[in-house]
Amino acid sequence: MSFSRVTLLALLLLPISLAPVTEAFGLPATDLRANATKASPHKIILDPESGLTTHFQAGEIKADNVEMQSDQWKAVFVLVSMILVAISPILVKDGLAAFAVVVTYLFCLSLVKMFVKATLSEGFMYPYSITMMHMFFTALIALCFERPRASEALKVLPISIMNGVSLCLNNTALVYGGVAFVSMLGCCTPVCTFTLEIFKGRRQLAAKSLLPVGIVCLGAMLCVKGETTASALAFCFASSATMFRAMKGVWQHELLDIEMPPMRLVFWSGFWSFLAMIPLVMLEEGAEAFKAFPSASRSVRAHVLLSCAAAAILNISQCYAVKQLGALLQSVVGNLNLILVIVLACAWLGETVRTVQYLGVGLLVIGTVSTRAADKMAENYKEKLPFANAAVSAPEGNSQTPPAQSNYASTGTA
């Protein structure tokens, strides 16, 4: 077995060895949110992607330190600078448009979480209805830019199904395991994406490409902070959610790379997701959210509408990021959102950045830069390969042909 295959196998098993397990295989199948609410008068909002736990009481954030300390401001400055360093190769190698897409994607990824948490903390506890509104607004905004084609609807349906299955599996994993454990497994999306692209023939298995992806996943795991309770079921559900998330990205890239503009893909994804959410909303929440919305406070309505706008921009920018960067690099860049989570926890909640989190941030930056460099080297190699093959297969009698004539001969141009 080659070094590359051994490395790939090790990376796939990495979450098992790194995630601390305190009550393995012994966590009862109960709702963690319900238990947390019973145990504490504060309402605890759990973020399955980032592992950030934010405490709310009476709609107001209770931070231990209200005033920012100078070292916390320094930490914020350092972390934001490291994010810019991580995505700077995209600006240099792919241009300003791709860089702007990545910045928008990361910014909106954090904004959606902030607005939804603010909405829930003020008592508007209808997460499924909010998600359905996000999908509706996404489809509506995409429709304003480009008219969809009915013939493309069924091609996008599998992507929406994968996305929905991934979300359901991720939420189910939170019932059986801690947020940090589930988030650690979610950080392995780049490894799953890398593996799927190899099996589909879109990428070669090489250590120089695999190693940066592993560094990114390891760094993301070190950035996660929170409860690490785990179980066998949590591992199965979270791993399956990660794989379906990777499948969605690879499938998106294939459609965008071959036959479908991003806006039409965004429309049909939002359309199918909206339809899929209707029965779930009716079963879990009914029409209560839409009855309560007109009489809700101005702050709640503003947060809901802002979350819808941010979610629509997020879905659109994610689609363009996949098209311009590819499924693998998009998932790698998505892990940089963990750095923004640390920035928000430091600036908003007054938390202190731990040494291990700084180490994780450093590995994330190194891995992201290295992944982009490895992809660029692979692209340059593919561009040069046809010319090298043509030169090798040219007849020996052409060796004395002048350079200009040799170029015509090798390209087949008359």
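Glycine too: its Cβ is placed from the backbone N, Cα and C atoms.
These numbers come from a predicted model, not from an experiment.
Quick look at what TrEMBL annotates:
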| type | residues | note |
| --- | --- | --- |
| SIGNAL | 1-24 | signal peptide |
| TRANSMEM | 73-92 | transmembrane segment |
| TRANSMEM | 99-120 | transmembrane segment |
| DOMAIN | 102-368 | domain 'Sugar phosphate transporter' |
| TRANSMEM | 126-144 | transmembrane segment |
| TRANSMEM | 179-198 | transmembrane segment |
| TRANSMEM | 205-222 | transmembrane segment |
| TRANSMEM | 265-282 | transmembrane segment |
| TRANSMEM | 302-321 | transmembrane segment |
| TRANSMEM | 328-350 | transmembrane segment |
| REGION | 392-414 | region 'Disordered' |
| COMPBIAS | 396-414 | compositional bias 'Polar residues' |
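When the stretches 73-92, 99-120, 179-198, 205-222, 265-282 are ranked by Cβ pairs under 8 Å to the transmembrane segment (302-321), first place goes to 99-120. Taking residue pairs at least 6 apart in sequence, the transmembrane segment (265-282) and the transmembrane segment (126-144) share three or more C-beta contacts under 8 angstroms. Among 99-120, 205-222, 328-350, 328-350 has the largest number of CB pairs under 8 A with the transmembrane segment (73-92).
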